[in-house]
Amino acid sequence: MTFAETDKESSAIEGGLVWLQDSENVLVKGTILESLDNGQKVKVQPENSKDTLTINTEQLQRRNPPKFDNCDDMASLTYLNEPSVVYNLQQRYQNDSIYTYSGLFLVAVNPYKQLNIYNNQFIQLYKNSTVTQIENAEEKIEELETPSLSHPDSESTNNIDDNYEIPTRLSTVKPHIFAVAEEAFQNLVQTKSNQSILVTGESGAGKTENTKKVIQYIISVASSATNQSIAQTVEDRILQANPILEAFGNAQTVRNLNSSRFGKFVKINVNIANKELNGAKIEWYLLEKSRVVLQNSDERNYHIFYQFLRGAAEKDLDQFGLSKSLSQYNYLKFSNHTVPGMDDSKEYRTLIKALQIMDFSKQDIQNVFAVLAIILHLGNITFKNKPNDVKQAILDESVSKSIEMISKLFGIKEKDFKNSFLTSKVQAGREVVTQHRNASQAKFTIDALSKSLYERLFQYLVNKINYSFNTEANPMANTRYIGILDIAVFQSSYV
């Protein structure tokens, strides 16, 4: 909203508070001294400067009075333009107030540090606070809107104090992700209908961390009415699912050291009759399969590959024909190998513990790593075109060990495995014709197989996790859910 769009009369312009563009500080505060050229231009005094500027009115944007500084709810700002929003968020960020309302929405700014605002003391602060205040407000409104008995013809609005501010759920407590979670929980109980919370933003904005906080709050609130052993089991397993999902679904990107490369919808099931927890479920979508076979040079493949190779014992790698040298694998060697502050060996041990808690047997875990080994070996299969025949691919001599290990792990003959990507079969009527693939086509087939294997492995892991969530659930309960949708963002590296 430009100044010219909000004030046409020059008399209203003088003394106005505005934002000025600045090459060093981006934006600076300014005050209009006088109007020039019939309001087409204005003379402005920048803050902390003795010089004045003459600027076209279209270049100016209104600035809110100081009383709106550090505002909890940006919907109450008189001017909701971009500079005013950025300024308000910056002020609050500098005070470690990372949450700000914007009407019915909650804006969160990633603090990139630990803040002590998620402990049990904060949970108790937000628990039931919105509901109690809303119910009191509704009683107050009903009382004020009821016509006086002595004046039955009087209008109900005459009873309402003009200064009385009707609170909303979100305005009754300080902005916090717990307030949003509390509102969803109370809506679930009162309306007996499913609720959803949408968490969205750019990569690195803190979507996944805020999703965790919502889950933490809902489980804590519902646990007070739940058999503690069941509640603790559900909570523990949801927490232990995080290392698994992050190992297989997260990777380092240019903007985020631990970026979720998939979207997820987490459902926390609640028995609406007694507010008890009744299990959980994770639905996933849009896994970035292409990352398995190709990454930017300053990014990484999925964390699990580095955790596996660095954390597993030599003997465990030997059985899969692998070594700890990352440079030996085509799917890894062209990317970053380390993430600042992340110990892949330690993360591997955390992962193994999480898999065990989630009821993965030793054989289950062995099978998971067998699939990872197959994918790494698939990446090392290279081709060249047959001499004097660019339409027929042949294997490079160096890939025989990878072919042997893949065939062994798949439980198929080497010949059948080779033919599966070196040739294709086309049926024409009753006749089946075998066609040769060239080197490019064969490589495409191998990469497609790798991506498909990884996607199916991810689906298998989520299915096992969901089964573990519901081992204590009551299928006969009158259950509704609170869903938390964490939308992943896939940015272009060329922007």
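These residue numbers are counts, starting from 1, taken along the chain as shown.
The backbone N, Cα and C atoms fix where each Cβ goes, glycine too.
Note that TrEMBL annotation is computational and uncurated.
Sequence annotations record features per position, and here TrEMBL assigns ATP binding site to GLY201, GLU202, SER203, GLY204, ALA205, GLY206, LYS207, THR208. GLY201 (ATP binding site) carries neither a helix nor a strand DSSP state and counts as coil.
Taken from TrEMBL, the feature domain 'Myosin N-terminal SH3-like' covers 13-65.
What TrEMBL records for 69-495 is domain 'Myosin motor'.
Look at LYS207 (ATP binding site): DSSP puts it in a helix. Break the domain 'Myosin N-terminal SH3-like' (13-65) down by DSSP state and the numbers are 7 helix, 29 strand, 17 coil. The Cβ of GLY206 (ATP binding site) lies under 8 Å from the Cβ of ALA108, VAL109, ASN110, each on the same chain and at least six residues away in sequence. The binding-site residues SER203, THR208 differ in how many other CB atoms lie within 10 Å of their CB, and the one with the most is THR208.
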